[in-house]
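**Student:** Okay, so TrEMBL annotates it like this:
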type: DOMAIN; residues: 83-544; note: domain 'Major facilitator superfamily (MFS) profile'
type: TRANSMEM; residues: 148-167; note: transmembrane segment
type: TRANSMEM; residues: 179-200; note: transmembrane segment
type: TRANSMEM; residues: 212-234; note: transmembrane segment
type: TRANSMEM; residues: 246-266; note: transmembrane segment
type: TRANSMEM; residues: 278-297; note: transmembrane segment
type: TRANSMEM; residues: 358-380; note: transmembrane segment
type: TRANSMEM; residues: 423-442; note: transmembrane segment
type: TRANSMEM; residues: 454-478; note: transmembrane segment
type: TRANSMEM; residues: 490-510; note: transmembrane segment
type: TRANSMEM; residues: 516-537; note: transmembrane segment
């Protein structure tokens with residue numbers, strides 16, 4: 001493999017660049033990941049380019065040699081891609097469970113009259129839209145109509161996720177990322193199997209509410225840990241230049257999980273027992289995650305924390321390039337020397353600067369993300385599509401999932417070009433405009449067809465805007481701003497806030513819609529979106545193109561977050 005170095009020579013009137021290449025052999029590594037053998041950057045011929053005083057971004061005709069160099073540089077993400085893809089399998093599983101809760105059983109939902117409020121009948125039907133499989137489960141296990149037990153089946157998942165977020169940091173400190181991912185697949189797999197009582201026999205049936213509650217709690221526990229682990233792992237493993245694009249795999253994995261679940265859930269409209277099959281299939285990604293992590297690399301930053309410098313150098317050489325080894329290890333050790341590793345950090349340190357500032361930003365970003373209404377819009381979207389004749393709830397949710405996926409793909413292209421801050425601000429502004437468009441469609445006297453079309457357009461615009469920034473950037477920016485010492489605990493705290501807000505929105509959304517009407521609630525969502533854009537402009541520091549160590553040293557020296 002050939003690695004290119006760039007030497008910068010300062011002259012009185014220009015910044016001169018000399019680029020040269022030299023060979024380095026990966027086969028000298030003590031241990032090479034099987035993934036890395038197939039995902040290495042293309043070999044390039046040894047060459048020395050002439051000195052140039054032109055700026056790198058000046059327009060000029062590229063020579064064939066320069067085109068080859070540019071093409072090769074664009075594949076720098078390829079070495080890390082299989083490793084972060086495996087980690088994103090955890091988000092696929094998260095999306096699968098979201099999609100399962102959006103899948104519908106048979107039956108039509110009455111159309112809204114767009115009068116600004118919903119009848120009790122429509123509200124109850126909307127509950128069925130939100131928790132489709134829960135209705136089938138409740139009927140089969142004999143607690144249908146018991147709103148407390150139905151709500152408990154839904155909410156115990158979030159309780160498990162909350163606890164999982166809190167305990168994720170200590171698990172990583174002790175076992176590292178790879179082994180923690182594998183350990184967490186145990187509750188994920190058992191949770192799905194216990195819920196269907198398939199642990200010992202494929203023909204066995206679940207007859208107990210306790211089994212459902214236990215299974216849902218175990219799955220939530222695993223999801224809670226993974227939602228913290230995945231963005232941190234990706235940020236610590238990815239090359240700096242491609243960290244943003246690879247970080248969007250979290251959102252892409254979630255979208256794919258939702259779409260797959262919705263497609264798989266289509267038979268649920270005709271088969272009330274299909275929920276068992278869906279829960280059983282939910283165990284499969286857990287097995288794939290555990291197996292894939294056996295071949296994935298460990299975070300080089302965690303390896304340095306525990307003193308395994310040789311292993312860290314092997315990982316860096318394999319996925320970042322040989323020229324990055326010495327500088328990366330030196331920067332990581334420098335940060336550890338100044339602030340210490342996070343292996344002995346305490347939760348109370350989050351009250352001290354600069355950790356308190358980042359924890360405040362992380363928690364606030366998730367509060368704003370959730371109260372900007374993403375879950376409310378997802379809950380209400382199926383009813384919105386019903387008004388234009390799409391009678392299949394699964395089909396309506398599929399449109400939403402595809403829109404979400406398209407936005408995530410756009411984010412993967414833009415995030416390292418436009419930066420996190422611009423994408424986040426633009427995302428929330430787009431969400432605000434979309435909310436106000438829906439409010440206009442339901443609150444003003446318009447032609448019925450026009451009103452319904454505007455509602456659909458606003459809903460899809462909102463979901464696309466969320467997926468392009470508020471979704472992927474929020475989870476990525478927090479570990480980037482966090483210090484090496486407290487990154488796990490800040491992420492655990494931030495996601496615990498996320499789960500609390502997620503629960504509150506799900507708990508009160510329908511009551512607020514029934515009491516105040518869709519227009520008022522959506523106006524609130526739009527206002528929160530505007531507030532989130534202002535907060536992002538004021539508090540978010542741009543992190544694109546800088547290593548995690550450079551960001552930490554910069555923030556500590558200049559106190560940018562103060």
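Cβ from N, Cα, C; glycine included.
Tell me about the surroundings of these features in the structure.
**Tutor:** Packing against the transmembrane segment (454-478) from elsewhere in the chain are residues 227, 230-231, 234-235, 243-244, 247-248, 250-251, 254-255, 358, 361-362, 365-366, 369, 372-374, 377-378, 381, 384-385, 387-388, 399-400, 403-408, 410-412, 414-415, 420, 423-431, 433-435, 437-438, 440-442, 446, 490-491, 494, 532, 540, 543: each is 6 or more residues past its ends and has a CB under 8 Å from a CB in it.
Listed as Cβ neighbours of the transmembrane segment (490-510) (distance under 8 Å, sequence separation of 6 or more from its ends, same chain) are residues 123, 126-127, 130, 151, 154-155, 158, 161-162, 165-169, 224, 227-228, 231-232, 350, 355, 358-359, 362-363, 365-367, 369-371, 373, 375-376, 379, 478-479, 482, 521.
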**Student:** Select the range from 246-266, 358-380, 423-442, 516-537 that forms the most Cβ-Cβ pairs under 8 Å with the transmembrane segment (212-234).
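**Tutor:** It is 246-266, which has the most Cβ pairs under 8 Å.
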